[in-house]
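Asker: Not my notes, these are from TrEMBL:
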type: COMPBIAS; residues: 1-10; note: compositional bias 'Basic and acidic residues'
type: REGION; residues: 1-20; note: region 'Disordered'
type: DOMAIN; residues: 13-54; note: domain 'JmjN'
type: DOMAIN; residues: 78-168; note: domain 'ARID'
type: COMPBIAS; residues: 202-213; note: compositional bias 'Basic and acidic residues'
type: REGION; residues: 202-256; note: region 'Disordered'
type: COMPBIAS; residues: 233-252; note: compositional bias 'Basic and acidic residues'
type: DOMAIN; residues: 264-314; note: domain 'PHD-type'
type: DOMAIN; residues: 408-574; note: domain 'JmjC'
type: DOMAIN; residues: 1131-1179; note: domain 'PHD-type'
type: DOMAIN; residues: 1346-1400; note: domain 'PHD-type'
Amino acid sequence: SKSPRPDCEPRGPPPRRPPWEEFADPFAFIHKIRPIAEQTGICKVRPPPDWQPPFACDVDKLHFTPRIQRLNELEAQTRVKLNFLDQIAKYWELQGSTLKIPHVERKILDLFQLNKLVAEEGGFAVVCKDRKWTKIATKMGFAPGKAVGSHIRGHYERILNPYNLFLSGDSLRVTLKRKEIGDPWEAQRFSCLQKPNLNTDTKDKEYKPHDIPQRQSVQPSETCPPARRAKRMRAEVRKKEHIIESEKEKPKSRSKKTTNAVDLYVCLLCGSGNDEDRLLLCDGCDDSYHTFCLIPPLHDVPKGDWRCPKCLAQECSKPQEAFGFEQAARDYTLRTFGEMADAFKSDYFNMPVHMVPTELVEKEFWRLVSTIEEDVTVEYGADIASKEFGSGFPVRDGKIKLSPEEEEYLDSGWNLNNMPVMEQSVLAHITADICGMKLPWLYVGMCFSSFCWHIEDHWSYSINYLHWGEPKTWYGVPGYAAEQLENVMKKLAPELFVSQPDLLHQLVTIMNPNTLMTHEVPVYRTNQCAGEFVITFPRAYHSGFNQGFNFAEAVNFCTVDWLPLGRQCVEHYRLLHRYCVFSHDEMICKMASKADVLDVVVASTVQKDMAIMIEDEKALRETVRKLGVIDSERMDFELLPDDERQCIKCKTTCFMSAISCSCKPGLLVCLHHVKELCSCPPYKYKLRYRYTLDDLYPMMNALKLRAESYNEWALNVNEALEAKINKKKSLVSFKALIEESEMKKFPDNDLLRHLRLVTQDAEKCASVAQQLLNGKRQTRYRSGGGKSQNQLTVNELRQFVTQLYALPCVLSQTPLLKDLLNRVEDFQQHSQKLLSEEMPSAAELQDLLDVSFEFDVELPQLAEMRTRLEQARWLEEVQQACLDPSSLTLDDMRRLIDLGVGLAPYSAVEKAMARLQELLTVSEHWDDKAKSLLKARPRHSLNSLATAVKEIEEIPAYLPNGVALKDSVQRARDWLQDVEALQVGGRVPVLDTLIELVTRGRSIPVHLNSLPRLELLVAEVQAWKECAANTFLTENSPYSLLEVLCPRCDIGLWGLKRKQRKFKEPLPSGKKKSTKLESLSDLERALSESKETASAMATLGEARLREMEALQSFRLANEGKLLSPVQDVELKVCLCQKAPAAPMIQCELCRDAFHTSCVVVPSISQGPRIWLCPHCRRSEKPPLEKILPLLASLQRIRVRLPEGDALRYMIERTVNWQHRAQQLLSSGNLRSVQDRVGSGLWYSRWQASAGQVSETNKVSLDFAGYWNLPSSNECCRGKRDGINNLERKLKRRLEREGLSSDRWDRDMNSFKLERERSYELVRSAETHSLPSDTSYSEQEDSEDEDAICPAVSCLQPEGDEVDWVQCDGSCNQWFHQVCVGVSPEMAEKEDYICVRCTVKDAPSRK
């Protein structure tokens, strides 16, 4: 019921496409493929593409009458069902009713299956008793729960049960038993079974008429030839016609008869003539029966002809006619048949014939052959004799003209006219007329036309060539499964073999290949297309069907290897009592009689078969002799027609011997069936023989002589070919056997061809083995060639090694290749083990790959191993990268992900990719977040950023912005610590420190609460510096504020700047010059590096000493230069550094001379003033009242800066100078000081031009004007003794500095006037910058006055020893020496008066 395509689809044998050199000899090619092809039973051969023989049939003259094939009668199991339905229909027809098949659940009820299932369950009564109808309905495929069982019971009771009762014989009960029932009306109650009223109109809706005309005994119309099933009923119809003619008006019921003869009719069962209206008259024998006496009883009188149970049994017991195909009524030409075939297929599938898929045709074919309901009929032009109409292949003296290129096909071995009669075919030696096997047959097919399961006569080969047309689908079963197929078909359709034991030899039965395969019969299929051969092998069952209109040609042939099978077939035929086409023994003897011309291979094979024949014949004749047959006579059996020399028992064609008897002339039996001849005693029998045994031995010896040398050679060859493993010969021995055959000129034969093929195979194997052992794969692989086309797979290598061991000869490469295979298998095991690991090591994978380069074998694992190697390397790189999160950058992750995307899918890779992608996503998120936090305006607080840093630190990756954020947080913390340390330390912060903090704080992207305060403080300091610069610096001054405030470091160096410091002469000083304070930058660096004010003051004190030393040396040098009597041609003065030239003016401080044209000279109207050169006048020299507020404001700011230290030191220095000046003024020695300072007169060398200068020199030096500072009389308040003390100190200092007391006395008056003028300004400044008297008194009374320095800006010096100095003024307070700018030497030698005392004592001295 199923197509062979689904489920267990038959496999197709591999098609063969031989090259030209193999195709040239068909028998050699068939011999070569036989070991493989006979395992499938059928084999398709595709000739070389350019082998295209011309089609030689005359299309218009070829005409034939095809066979009719009803598809659903072909299939064995379907035919059994149809036969059953025929029997049921015949039964009801004889009962006067028409069978109508009922429908259940919208499908036709399978009466055959229902009848079979009920019988298997024990019969109708048992099924009713055990209530198994639902079970039966389920088995038939009906859904449970729909009360189908009751419907099925009703149909069985109406249709099948009467038939089964008839078959069981219950309807033929004896009359006595019926009479024992009693009341005839009780008979109706004797059985619950009644004959159904199959003809009532009310039931017609439930039944489908069994209306196929051929399956009913209705005479077909005259236009249609009678069908096979109609033939079966013909005799019955003729008898019915006779009855109808003679008794045309005879009624069924006796009640309707009008003659008195009615009293003669009584019921045959009950013997009563009562109830005449219930008496039925049989239309066959005229017996009468009551309707209620029948079993089962009839409810009504049948309308049609009725047969009694005896006539019914007689009709149904007639043997069934053997099934066979009928001939069609129409004769076709090839053209008209093709038109009909194409029209049928296109109409059936409703599409052009060439567009219908072969699978669809195949599926539909197997559906049709298994369907009872559809009765599709096709026609098949089968077994058309080529002898009558001509072959499709060209033949000599044929009617078509051939071109020179086409003449080669006349003698081609593949021309089916030549193949059976070629020398290699043993059929060529049969002289009898067996044209059925030796001449080709033509087959013209149409869609669905089929050839049923069969094997060839005498189990011979067959070859079929499809000249043109649509494909032919074949199914084949190998010869070894022939009996298996026969047993399966007999098991599944035993009813067919009862009437036709040789059914499978009739070519009229098919069975679905799926059914056969279900019963483990191997089935193979193939589609034969135009231009292709299909070869069937001995005893191979085959069947098939045509896909459409096509033309094929087939013929039988037998090779030498068939001879043993041919003898086996004859024995099989004898057991089946089947006729032989020819006598096998006769063929052997014919060949033996021509031993001298036989091929040696054929002679050798025939000799072996003849030896078996002689032995069998000898034994049989001995058995006959023992039975008592003594009379014998020679007989030429070959002169008799085959049908006159057949054994009357087994139908075997006799040739060697036979038994005859005079009582039955013309009849023979073979020696196997002597007892079947007649009842006469054996001594009356006569043995008829063709040859005596003595005749046979010479014939066999002739064959032996012909084949002896060959046999010896063949024996050696066979021994070599069949040698065991330890006795195999070398390849050289095989070559020697071939050379021997060539030397002895043995004809080409199968054994020699086989030896050559084996040797060639061995040589090829040796060559391949050597290549494999050479191991060229590594070179090819590394050169980029990849897999070689000739590379073997491991399985092929294994098979190849197996093949090497299976070779009949020994190759030296075999053990080496076996070792190679072992290494390859070890490699596979190791690789499999490694690949089974979740994360194999990349090094191990690489090592295995390196090992694989040694094998010239296709290793399927290599691709996976390379893939896994890439994966392993990637995983290891990921793992290595993750081991050091600090180096795992975002780019590294992106690169790894990009590399991972290109890898093959793998769980470990996907997991790692997921983790990496997740890490990248998180990292990018936090990196972007860190970046946004860093760039946020306003800046985030330290706590929020620290929280983000904690989150980022949890991420195992290097985030540049995260690191920057972390660094910023750390910098912020460090900055805050530095700020806190600055606040807690108690020291006044240094400006550079503050600027550095502010700069650092501004660069930190964190909100720092202290930063604005520091910025404001620095801004205040910068504003202070700007104010101080405006106060001290002249307009466009080249000097910086620090340079102006600090002691000068560049005295005498301005002239050297132009010389680029080509020489450095030591200053004339007896003291050792310090190398640390040579320049302003050194001084500035020393001030910046000083940690406290004391060290800064000490540094400035050292710078002051250097300044004074340098200035004194420079003054002496300048004065000596100008007063030198020696003319110095290189003497250079002034800013222009040129020679002296009048008029000139002299700087009061550096004593250098300047051209009046090069400098600004004060006018005479301004009065005598001290003139300073541009080098010495470095500032505006502001009054002290402007300076003190600057100092006060700097103290409020509480920031240390070099300029502040310099300003503080300058004020202290100024105040100290004031003290000294006051002391000098009070001492009255001003004149001597003036004399010591000098008169200011010009030297005699330039007196002629010094008129203006002389006036200036006369002006007394005004120290207050020189310094532009308030005098002591105006700015100082204090006691008289304080003034005296100050004057005393000043005087001491002036004496040390070499100033005369005269000069001091002369200028003292002007100094006092200046002091009085500036007093008020100083006092107003005092209120802003200095503490009140009360604070001082409080400090004096303090218990800790020894521990607190009352300096305006105490530097709070630290250390184990701090030097102090006591004020010599009125306060008597103690000061840190560093805070007031006094060195230990000064404190020891001079008096010290603090600033407060100087200011306070000023009014008292006024």
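Cβ atoms are placed via backbone N, Cα and C, with glycine included.
Could you place the listed features in the three-dimensional structure?
Answerer: A Cβ distance under 8 Å defines the sequence-distant neighbours of the domain 'JmjN' (13-54), meaning residues of its chain 6+ beyond its ends; these are 393-394, 400, 402, 406, 409, 412-415, 419, 422, 424-425, 461, 474, 476-479, 481, 522, 524, 526, 528, 531-538, 540-542, 559, 561, 750, 753-754, 757.
Across the residues of the domain 'ARID' (78-168), the predicted structure has a mean pLDDT of 77.
Under DSSP, residues within the domain 'PHD-type' (264-314) fall into helix, strand and coil as 10 helix, 7 strand, 34 coil.
Residue counts for the domain 'PHD-type' (1131-1179) under DSSP (helix as H, G, I; strand as E, B; rest coil) come to 3 helix, 8 strand, 38 coil.
DSSP places the residues of the domain 'PHD-type' (1346-1400) in helix, strand and coil in these numbers: 16 helix, 6 strand, 33 coil.
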Asker: With DSSP helix as H/G/I and strand as E/B, how many residues of the domain 'JmjN' (13-54) fall in helix, strand and coil?
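Answerer: Residue counts for the domain 'JmjN' (13-54) by secondary structure: 16 helix, 5 strand, 21 coil.
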Asker: Looking at the stretches 78-168, 264-314, 1131-1179, which one shares the most CB pairs under 8 Å with the domain 'JmjC' (408-574)?
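Answerer: Most contacts with the domain 'JmjC' (408-574): 78-168.
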Asker: DSSP helix, strand and coil counts for the domain 'ARID' (78-168)?
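Answerer: Grouping H, G, I as helix and E, B as strand yields 62 helix, 7 strand, 22 coil.
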